[in-house]
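Annotated features, as they stand in TrEMBL:
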TRANSMEM  30-55  transmembrane segment
TRANSMEM  67-89  transmembrane segment
TRANSMEM  144-162  transmembrane segment
TRANSMEM  183-203  transmembrane segment
TRANSMEM  209-228  transmembrane segment
TRANSMEM  249-273  transmembrane segment
TRANSMEM  293-314  transmembrane segment
Amino acid sequence: VKNLGSLSLYAGNVCTDINTAVHFLTNGDYYWGGLILAFTLLPMIISGIVVFRFIINQDVSVWGKCFALLLVIIVAPFIPFGTLLWVTIDGIRGIVHGDDDEMTTAEFAGVVKLLEALGQSFPQALIQCFIASQNIQAGVNVGLWLWASIALSLIGFSFTVATSDFFDWNKSEDNKVSNITRITWFVFGLLAFTSRILVASVISMALKPLWFVPISTLFASAIVVWTIKRYCPCNVCGPLNDGHRNKTGIFTVPLMWLITTSYNAFTMSALVVSTMNLGQAIGGYFLDVPLPIAVTALTISSVSWATNVVFATVPKFERTRNDWLGITDNGSVLY
């Protein structure tokens, strides 16, 4: 079900994003059309690079590697969809490829899904919500195709993060993240992601030249939280234990920053970002923006903030909170 959902959402995301890009390009809006198209192609390009790196590390001749490069360039647009389709079919048939010494199809599919979420769904949701908000403020009708693309980007990103095996790294085989926990992450993560994108869009209506300020502020706060937990020696800050301190790779750390900025609404660290987002929503209410949109942003942000408080402080929800990136027994967590 998880793989089938990922495959369907990826296909829907690509189709709606390409349709949106074509709409802007054919109407002469090359800036937004080009930007949307670029973020649609980005995960495909990166997936091709990952595949090529895997090939060149094999015992293959120079000519074989050149041929592999040419082949990857030709089929790059189909690599993510083909991988997800392959792993979905294998999941239905109960087949697992690879062994402990190489990346399995399922593991590569997990990488593809994260690339799609961070390289396509996240920026597409932000860009397209910004476009929609500017059109609403200008009195221009927002087409159904744009709303569909935004909805799929929001849902696709939330589904990918909630179902990613990345969050099982600190779990034993007997203590994997439960389906109920993942459903909880999806629902309330989607609520948090929607609220943060919506608040950024509301404020961008009044601060058009500074449209990047809201989301950049949240991103900066996520970096500050990580830095404090990484280096502060006091117990109050919930410093990282040795296992988390070692997770400082070029991929892992920026991934944590992005997820905390956009999605995490379950831990005490995330409460900092949720509080800042709520403050921005309150400020947006008093700006010169359409009142229904400002009220909607404030309402969703308030609910998201309240749920974050519950997850971070109420013992009954400790399992859901502690599964997030594997909080250890001493309360230490990357985010």
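Just so you know, glycine gets a Cβ as well, placed from its N, Cα and C.
For the transmembrane segment (293-314), the list of distant contacts is 133, 136, 188, 191-192, 194-196, 198-199, 201-202, 205, 265-268, 270-271, 274-275, 277-278, 280-282, 284-285, 287, 320-321: same-chain residues at least six beyond its ends, Cβ to Cβ under 8 Å. Within its own chain, the transmembrane segment (209-228) has Cβ neighbours under 8 Å at 126, 130, 196-197, 199-200, 203, 237, 253, 256-258, 260-262, 269, 272-273, 276-277, 280, 334-335, counting only residues six or more beyond its boundaries.
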